[in-house]
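Residues or ranges marked as disulfide bond in Swiss-Prot (evidence: similarity to another entry): Cys43-Cys126, Cys59-Cys120, Cys60-Cys95, Cys127-Cys140.
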Amino acid sequence: MHPRPEHLSPTLNHNHRLKLKQPATTSRMLARTILATLVSAACFATVNAQTCSATNAVCCQQLQDPDNLNADALNLLRLLNINPNTLTGAVGLTCKRLTEACFACLLLTRPGTSLVSGSCNANAACCTGNNYNGLIVLGCTQIQV
């Protein structure tokens with residue numbers, strides 16, 4: 001009879017049931033798999049929960065309140081002959097289509113998580129107003145990740 005590897009040697013737990021010891025690498029692999037599954041599920045659950053259509057979902061470097069626009073946003077609006085007092089919703093600056101990479105960056109660096117340190121220079125938003133080639137986008141609502 002061949003000896004059993006040490007990591008599979010039987011032990012008794014507190015209920016006197018036979019239990020095999022699992023190698024530490026199995027536990028780490030299981031933890032990583034669970035983490036990846038939860039992150040994926042959170043991505044899909046958040047995106048699917050939004051009522052925003054794919055064409056309106058954007059990733060902007062800045063989202064600004066229309067009542068508190070910085071000089072750059074005000075200058076762009078003037079060039080486009082748009083009165084800032086008529087705006088509803090946030091104003092997105094330097095926006096592009098919301099990609100998986102942008103969404104993952106937002107999800108992994110949001111406050112309260114310890115998955116990745118750092119920050120994203122991005123804000124996920126649903127913008128139903130005019131989009132001026134991503135330079136400035138109107139009628140935005142931030143998507144909570």
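Backbone N, Cα and C define each Cβ position, glycine as well.
When secondary structure is read from DSSP and collapsed to three states, Cys140 (disulfide bond) falls in the strand class. The separation of Cys127 (disulfide bond) from Cys95 (disulfide bond), Cα to Cα, is 10 Å. Here the CA atom of Cys59 (disulfide bond) lies 10 Å from the CA atom of Cys127 (disulfide bond). Residue pair Cys59 (disulfide bond) / Cys140 (disulfide bond) shows a Cα separation of 11 Å. When other Cβ atoms within 10 Å of the Cβ of Cys120 (disulfide bond) are tallied across all protein chains shown, the result is 20. There are 23 other CB atoms within 10 A of the CB of Cys127 (disulfide bond), with all protein chains counted. Counting in whole angstrom, Cys120 (disulfide bond) lies 18 from Cys126 (disulfide bond) by their C-alpha atoms. The candidate set comprises the disulfide-bonded residues Cys95, Cys126. Of these, Cys95 has the most other Cβ atoms within 10 Å.
Cα spacing between Cys126 (disulfide bond) and Cys140 (disulfide bond): 5 Å, rounded to the nearest whole number. Reduced to three states, the DSSP call for Cys120 (disulfide bond) is coil. Within the same chain, residues at least six positions away from Cys60 (disulfide bond) with a Cβ under 8 Å of its Cβ are Gly92, Leu93, Thr94, Cys95, Ala122, Asn123, Ala125, Val137, Cys140.
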